[in-house]
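Annotated features, as they stand in TrEMBL:
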{"type": "BINDING", "residues": "A:Leu20, A:Asn27, A:Lys156", "note": "xanthine binding site"}
{"type": "DOMAIN", "residues": "A:35-157", "note": "domain 'Phosphoribosyltransferase'"}
{"type": "BINDING", "residues": "A:Ala128, A:Asn129, A:Gly130, A:Gln131, A:Ala132", "note": "5-phospho-alpha-D-ribose 1-diphosphate binding site"}
There are 2 protein chains.
Amino acid sequence: MQLLKDKIMKEGNVLPGDVLKVDSFLNHQIDAELMQAVGNEFAEKFADAGITKILTLESSGIAPSVMAALQLKVPVVFARKRKSLTQNSNLYSASVYSYTKQESNEISVSEAHINSHDTLLIIDDFLANGQAVLGLLEIAEQAGAATAGVGIVIEKGFQPGGAMLREKGLRVESLAIIESLENLQITFKEAVEQ
Amino acid sequence: MQLLKDKIMKEGNVLPGDVLKVDSFLNHQIDAELMQAVGNEFAEKFADAGITKILTLESSGIAPSVMAALQLKVPVVFARKRKSLTQNSNLYSASVYSYTKQESNEISVSEAHINSHDTLLIIDDFLANGQAVLGLLEIAEQAGAATAGVGIVIEKGFQPGGAMLREKGLRVESLAIIESLENLQITFKEAVEQ
């Protein structure tokens with residue numbers, strides 16, 4: 001997606017340790033128009049997949065998910081990273097290790113919001129090691145829901161998550177795939193591969 | 001906002017202790033079309049307020065904020081409840097006590113994303129005791145930014161936050177104001193007062 005790649009080139013900040021900081025439009029400040037374009041792109045790619053619900057993870061997955069949901073005319077469910085006091089129903093849950101934050105989070109979704117009649121589109125902001133998507137897949141499985149595919153805003157193609165998920169037979173659509181952040185330079189994969 | 005009130009009456013769940021659970025469309029599952037209507041309503045109310053940026057709090061404030069931002073053509077900045085490893089710049093921060101979760105959270109915003117040229121619209125999902133909005137106001141003050149007003153999806157009118165903020169001279173626009181949750185029944189204030 002050229003608009004997204006242009007934005008990453010213009011505003012992305014590469015930090016030592018292969019960190020790509022996109023806090024100016026995705027992870028802290030949010031560019032609503034870009035998120036709309038991103039959401040529309042996901043919706044177009046999965047238009048014929050029979051999606052009944054989008055499953056994402058708080059917080060950075062919410063904006064692109066809501067925009068895709070608007071086009072697909074389905075609800076979003078966001079997995080929570082901590083249980084809240086008002087969540088008194090039964091939960092599906094999974095443990096997710098974040099390499100960025102160097103900690104494990106329990107993520108959970110109320111049983112009320114996903115069931116075996118659902119066909120899910122999983123959306124997340126970043127794909128690196130794939131741990132968050134694995135956690136969301138585990139929750140989908142607990143619910144008996146089908147997963148039609150995974151929509152990722154930015155994939156770090158030099159980390160193993162994308163290959164690992166595709167080897168499972170999952171359809172993974174990443175709107176920008178970073179080939180390398182070596183020497184603090186951003187290089188994209190030329191074409192988005194499936 | 002009638003559409004919102006209808007949704008609250010239909011799907012809101014009152015729990016003992018004056019808890020209104022709206023997990024089916026706002027706080028866990030998100031109704032994207034309703035959020036668009038909510039965002040449009042905020043945008044209309046603050047159309048002439050010279051807003052340059054929307055300030056909200058992760059996670060439930062993000063969806064209505066992004067929809068309002070799309071109409072107002074401004075970015076959203078969401079305050080974080082925990083510091084992340086990739087956030088290496090200087091931060092504005094404030095401490096917010098949540099009565100629902102019975103804990104204090106440090107909320108923070110990178111100095112890169114708000115400054116003294118900004119006129120902010122603060123948006124949040126719920127207004128009860130007003131602690132979250134006070135924390136966001138404190139961050140706005142640290143940045144030297146002006147705050148044009150506060151947009152709230154659901155205000156618990158029987159709790160002190162709304163009166164406290166309005167007494168400060170703030171413009172508070174709540175799209176639904178709950179007058180009472182007594183006997184587990186939802187009663188709205190007849191007209192939205194300013």
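In case you wondered, yes, glycine gets a Cβ from its N, Cα and C as well.
TrEMBL entries are annotated by machine, without manual review.
Between the listed binding-site residues, namely A:Leu20, A:Ala128, A:Ala132, the fewest other CB atoms within 10 angstroms of a CB are found at A:Leu20. Its Cβ placed at the centre, A:Gly130 (5-phospho-alpha-D-ribose 1-diphosphate binding site) has 24 other Cβ atoms within 10 Å. Sorting the binding-site residues A:Asn27, A:Asn129, A:Gln131 by the number of other Cβ atoms within 10 Å puts A:Asn27 first. In the three-state DSSP scheme, A:Gln131 (5-phospho-alpha-D-ribose 1-diphosphate binding site) is classed as helix. Filtering the binding-site residues A:Asn129, A:Gly130, A:Gln131, A:Ala132, A:Lys156 for a Cβ under 8 angstroms from any Cβ of chain B leaves an empty list. Note on A:Lys156 (xanthine binding site): other Cβ atoms within 10 Å of its Cβ, all shown chains, come to 22. In this structure the C-alpha atoms belonging to A:Asn27 (xanthine binding site) and A:Ala128 (5-phospho-alpha-D-ribose 1-diphosphate binding site) are separated by 15 Å. For the domain 'Phosphoribosyltransferase' (A:35-157), the predicted model reports an average pLDDT of 93.
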